[in-house]
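Structure first, commentary second.
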Amino acid sequence: MMRPSLKVNIGGIELENPIMTASGTFGSGKEYGDFVDLNRLGAVVVKGVSSVAWKGNPTPRVAETHGGMLNSVGLQNPGVEEFIKKDIPFLRGYDTKIIVNIAGKTVEEYCAVAERLSKEDVDMIELNISCPNVKEGGVSFGTNRDMAEYVTREVKKYTKQPLIVKLSPNVTDIVEIAKAAVDGGADALSLINTLTGMAIDIHKRKPILANVVGGLSGPAIKPVAVRMVYQVAQAVKVPIIGMGGIMTGEDAVEFMLAGATAVAVGTANFMNPTATTDILEGIEKYMSQYKIKDIKEIQGSLMI
Amino acid sequence: MMRPSLKVNIGGIELENPIMTASGTFGSGKEYGDFVDLNRLGAVVVKGVSSVAWKGNPTPRVAETHGGMLNSVGLQNPGVEEFIKKDIPFLRGYDTKIIVNIAGKTVEEYCAVAERLSKEDVDMIELNISCPNVKEGGVSFGTNRDMAEYVTREVKKYTKQPLIVKLSPNVTDIVEIAKAAVDGGADALSLINTLTGMAIDIHKRKPILANVVGGLSGPAIKPVAVRMVYQVAQAVKVPIIGMGGIMTGEDAVEFMLAGATAVAVGTANFMNPTATTDILEGIEKYMSQYKIKDIKEIQGSLMI
Amino acid sequence: MKKNLKARITTNHEIAPGIYEMIILSKELSLEGFPGKFVNLYLEDGKHLLPRPISICEINAKEQVLRLIYAVLGKGTKKLSMMKENQEIHVLGPLGNGFTVEKGTGKNIVIGGGVGVPPLLELVKQLEGATDVYLGFRCNPFLVEDFKKYADNVYLATEDGSEGHKGNVLELLKLQNQEGDMIYSCGPKPMLKAVSEWAKNHNIDAELSLEERMACGIGACLVCTCKAAETGDEDWEYKRVCKDGPVFSRDEVMWE
Amino acid sequence: MKKNLKARITTNHEIAPGIYEMIILSKELSLEGFPGKFVNLYLEDGKHLLPRPISICEINAKEQVLRLIYAVLGKGTKKLSMMKENQEIHVLGPLGNGFTVEKGTGKNIVIGGGVGVPPLLELVKQLEGATDVYLGFRCNPFLVEDFKKYADNVYLATEDGSEGHKGNVLELLKLQNQEGDMIYSCGPKPMLKAVSEWAKNHNIDAELSLEERMACGIGACLVCTCKAAETGDEDWEYKRVCKDGPVFSRDEVMWE
Ligand SMILES: Cc1cc2nc3c(=O)[nH]c(=O)nc-3n(C[C@H](O)[C@H](O)[C@H](O)COP(=O)(O)OP(=O)(O)OC[C@H]3O[C@@H](n4cnc5c(N)ncnc54)[C@H](O)[C@@H]3O)c2cc1C
Ligand SMILES: Cc1cc2nc3c(=O)[nH]c(=O)nc-3n(C[C@H](O)[C@H](O)[C@H](O)COP(=O)(O)OP(=O)(O)OC[C@H]3O[C@@H](n4cnc5c(N)ncnc54)[C@H](O)[C@@H]3O)c2cc1C
Ligand SMILES: Cc1cc2nc3c(=O)[nH]c(=O)nc-3n(C[C@H](O)[C@H](O)[C@H](O)COP(=O)(O)O)c2cc1C
Ligand SMILES: Cc1cc2nc3c(=O)[nH]c(=O)nc-3n(C[C@H](O)[C@H](O)[C@H](O)COP(=O)(O)O)c2cc1C
Ligand code: FES
Ligand code: FES
């Protein structure tokens, strides 16, 4: 029998399979390389990178919630030069695509990172306009239609690689923002980033996170993520990378049925370092159970 | 020793304690009366009532999600006349406050229900501008600043009881909507209603809910709810009724620390019919552990 | 009166491929149990919040136990099947309205399909009149011997023909030219719809036990509704399967 | 090499009020174990997603077991304490960098406070030089006899004065005019800060084991950071407690 095809295409780049890592949960892959064969991942999406080093927020930066977690890392990163020096050579040692998540406090900063990376050997850029953990810029771009379009259009001028725009779920109308990003030139969309949340230590009477609020991720948010992927898939033509609480191959299939071309695995890595490849195997099992020869048969095949 | 006081005041009405039922999860209390002493509840908030009977959505209307559930009941109710005839006399047999959640497809419909109830023996009105399960009206009022203010102001003209406005979490800026409702004359705010979500049966390749999308409730959404209560409490002076995933007395305390004056228990009832009074006892235990004599000492006492 | 309690599991094992028998010990539940009523079982694992409704298959008030028979279908019933003897389980029940046993003084026809079979056993035990039982399965029948103890006749159909008639129960019913005064049935919707039509054509009264996804299980949340109409009434409404049902009379249910 | 595996629990019981000993059987973990390293324990209950980091208290490579000592603090450790013998537990480890045992050839001072005491036991076992141990507890000391087996001297302090010196370990250290070449310490932040200052004043090298809330445990997610600076460097950065630590050298850690 022919092996089923799991190949997916995003912005003209062909991935061996639809499994990506969710930015910020997988570092640049080094640490997880002890547990999973990085060659088996469709793409590694690295932690958000800015033009200069960012220190991030004070600790505690994590709080456990029912079926989820809050983080307030605040995009700590060593800056784009360090990233280029250390992480690209490491990742190029593997047969996987490299997607660089970029962060900025101003449109100029986003553009500077994009321009710097346009000369480097990376496959795609993921524009994070949705991080709830930085005060300036970041999330305000992701929650305003016009800003979303504007920052996408500007960054697009400076990048040579396909541009993915990563959307925030903390909005009244996700479809409006998705369309704005596409109007601005996005080649693909990632959704969702984290929902803004908060947890309190009732004994200390203090917020658990030093930053007071943080981003909610994990299986708790999956229904919101699936809904947004579904709504956006009805409204735009570019490929969607779905994420938010994917823990199993079945969860990944759910996102693809809703309209995602690829999926990203985030919080699941923290519970099980082999989550990415376990999920890949789960998808393969589903495909063989239903005799699906090409993963494209799943994508968006929901019957309403 | 003196018994600690759990009394709270909302819109000039004094409740024996801060425990309410979340609208739509407790019927009018009859069914749960088999398990809990309704006299022990601060208030019973009844299922949304409209001017005429609504049939609601087709089934399935419920889907289980990780640490939560989706519902798409769609405000099925027998209409305000039936409600007045059957439920008010039943509830008046108990020493608890009656809060009527009202629904409408147009501003006129909301006003009609409010006016009809203004002559009846109910303690407060909760204006539901946030139900994601009805196509017209409902949620669009709750996601638009000007509409939220307008519908509140209009309904306020027709109601004699204190008016609570119940907000939707599916918005970019909850504080803006909260302020609009207060500007419109809200005496208190309830938050949060459900987050819009979706779940798919990957074997049938169909949405689980006949209505495709539904409202996510339960512990999964608690961090979002606590965050919104906290943000709104910083911005408005009216009392807040906090809800979203409250399962234990500790959860209830968390909401009060964030700024809620009272709390409502919804999904927890489905897992345990005595949830409301169990939660009340949990609050009492916390108060005695920390020697808190008056529940007002907890409310909004978070240290940042 | 409904009970909200922890009951001890005395037995939990597979009796047919994918079909489990769970016996729970509870004086209160055994006293309140009634044919056609069901209980809510809770998994209490933080992930699965909603109850699993399972019908009462048999009641033994003397031994103070309820017998439940369930199919492992999804994640929740899988978890149920892994519960151990002597473990406690959170149970709410008995819920719903049950069958009208009093109507069964004449000649009864009892028709069950798949996991709709178990709730009919206690009914057959309690029916006064003569009772013919029709049981349909995809394959691997179960509980057949139990029914033989209490019924006058038991007719068996399997879709794969491995045992009994090859085909469905409706065919078998027609083949037998079955006659009777009262029908009780539980099973998949298409089967119930067919039973309902057959009953109407033969002018026999019928009670049908429905299934729907539930949350509260006691009539408060309105998620478990089915379309129902008073006899002859075109103006249907959504009725609650958990409280107004799960047993409905033939003419109440509106089929899609 | 870090392992991601299921290990069998051979012992799990209370050894002091609220303090539990769990022994887990795993050849791989026992071979890779090292003083100061820790393991992540997973609850796998759908509600608590994050791992509970617990230090390695003792390693027995011959019996292929790890000994863990943990305090019941919140919901997760409560659940751990209810796990039964013979149950399997999901473990990731050993994680982190551990103490530099090689520095301990001279006179060692080992200082532990509360649940910071257990990770020092395997260290003391492995240290070559002479070792004086200071243990501080609020009340109800534990593991003291175990330390006596391997240390030259064990000094005990309890805040309530129920056993040993009434007060904290720092006072005791000063009372004894303790001298040494190397300090190893683990315990609450205020204690570590005081140890660090005392070490600086006495010009003694020190290694301190820190705690922080974690997610991945392997250095990928950056939630577990602490402020750290290269010696003398004012330009601090956030370092990962799980990967760059949990053991840091005296001069690296910047105290708030
Ligand atoms: C009144 C009543 C009596 C029942 N009696 C029996 C019985 O005696 N034996 C038996 O094997 N089965 C019975 N069922 C069906 C049984 O409740 C479901 O098979 C079971 O809930 C599936 O749970 P799951 O976690 O395995 O499936 P999942 O698909 O993982 O469950 C997800 C959610 O959907 C609900 N759900 C899924 N399928 C059904 C269904 N068919 N009916 C109702 N809810 C469903 C679950 O309760 C849960 O909330 C009965 C159902 C009802 C309504
Ligand atoms: C490297 C390291 C080694 C440790 N070794 C030990 C040990 O040997 N013995 C022992 O008793 N304790 C040890 N701890 C502390 C232990 O991890 C916490 O007490 C435990 O995680 C609390 O979990 P909980 O569910 O009971 O508390 P909860 O407050 O319910 O936990 C909620 C979340 O916060 C985290 N958390 C809460 N308190 C702490 C804390 N003090 N440190 C880190 N995370 C925390 C939990 O892991 C969980 O993610 C260690 C911590 C670290 C970082
Ligand atoms: C610890 C942590 C750090 C994250 N950092 C980033 C980041 O740098 N850039 C980004 O776009 N998203 C970041 N995210 C969001 C994830 O990429 C993902 O969108 C989100 O967590 C939902 O997926 P999940 O539920 O599978 O984790 C972070 C998430 C977590 C939990
Ligand atoms: C089955 C169901 C029905 C609901 N119906 C209503 C309603 O009629 N009116 C309303 O304002 N909110 C309704 N809600 C929302 C709840 O009142 C509450 O805001 C929400 O469920 C969050 O609280 P919880 O997580 O404690 O359930 C309903 C929720 C559920 C689960
Ligand atoms: S399940 Fe709540 S009304 Fe039936
Ligand atoms: S816990 Fe993830 S980097 Fe330390």
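Indices start at 1 and increase along the chain as displayed.
Each residue, glycine too, has its Cβ placed from N, Cα and C.
Just so it is clear, the model here is predicted, and its values are computed rather than measured.
The feature domain 'FAD-binding FR-type' is assigned by TrEMBL to C:2-101. Per TrEMBL, FAD binding site is recorded for C:Arg52, C:Pro53, C:Ile54, C:Ser55, C:Gly76, C:Thr77. Residues annotated as [2Fe-2S] cluster binding site in TrEMBL: C:Cys216, C:Cys221, C:Cys224, C:Cys242.
Applying an under-8 Å Cβ distance to chain B, the binding-site residues C:Thr77, C:Cys216, C:Cys224 reduce to C:Cys216, C:Cys224. On its own chain, C:Gly76 (FAD binding site) has C:Leu43, C:His48, C:Leu50, C:Arg52 as residues at least 6 apart in sequence with a Cβ closer than 8 Å to its own Cβ. With C:Cys221 ([2Fe-2S] cluster binding site) as the anchor, the candidate binding-site residues are C:Pro53, C:Ile54, C:Ser55, C:Thr77, and the one with the nearest CA is C:Pro53. Of all the binding-site residues in the record (C:Cys216, C:Cys224, C:Cys242), the one with the smallest CA separation from C:Ser55 (FAD binding site) is C:Cys242. The Cα atom of C:Cys242 ([2Fe-2S] cluster binding site) lies nearest to that of C:Pro53, taking the binding-site residues C:Pro53, C:Ile54, C:Thr77 as the candidates.
For C:Cys216 ([2Fe-2S] cluster binding site), the nearest of the binding-site residues C:Pro53, C:Ile54, C:Thr77 in terms of C-alpha separation is C:Pro53. Mean pLDDT of the predicted structure over the domain 'FAD-binding FR-type' (C:2-101): 95. Ligand 1 lies under 6 Å from the Cβ of none of the binding-site residues C:Cys216, C:Cys221, C:Cys224, C:Cys242. Proximity to ligand 4 at the level of Cβ atoms, with a cut-off under 6 angstroms, picks out C:Cys221 from the binding-site residues C:Ser55, C:Gly76, C:Cys221. Taking a Cβ distance under 6 Å to any atom of ligand 5 as the criterion, the binding-site residues C:Pro53, C:Ser55, C:Thr77, C:Cys216 reduce to C:Cys216.
Considering other CB atoms within 10 Å as the measure, the emptiest surroundings among the binding-site residues C:Ile54, C:Cys221, C:Cys224, C:Cys242 are those of C:Ile54. Between the alpha carbons (Cα) of C:Thr77 (FAD binding site) and C:Cys224 ([2Fe-2S] cluster binding site) lies a span of roughly 19 Å. Here C:Pro53 (FAD binding site) is positioned 11 angstrom away from C:Cys224 ([2Fe-2S] cluster binding site), judged by their C-alpha atoms. Taking each Cβ in turn and tallying the other Cβ atoms within 10 Å, the top scorer among the binding-site residues C:Ser55, C:Thr77 is C:Ser55. Following the DSSP three-state reduction, the secondary structure of C:Cys216 ([2Fe-2S] cluster binding site) is coil.
Same-chain residues that are not part of C:Arg52, C:Pro53, C:Ile54, C:Ser55, C:Gly76, C:Thr77 yet have a Cβ within 8 Å of the Cβ center of the FAD site turn out to be C:Asn40, C:Leu41, C:Pro51, C:Tyr70, C:Leu80. C:Thr77 (FAD binding site) falls within a helix when secondary structure is assigned with DSSP.
Secondary structure at C:Cys224 ([2Fe-2S] cluster binding site), as computed by DSSP, is coil.
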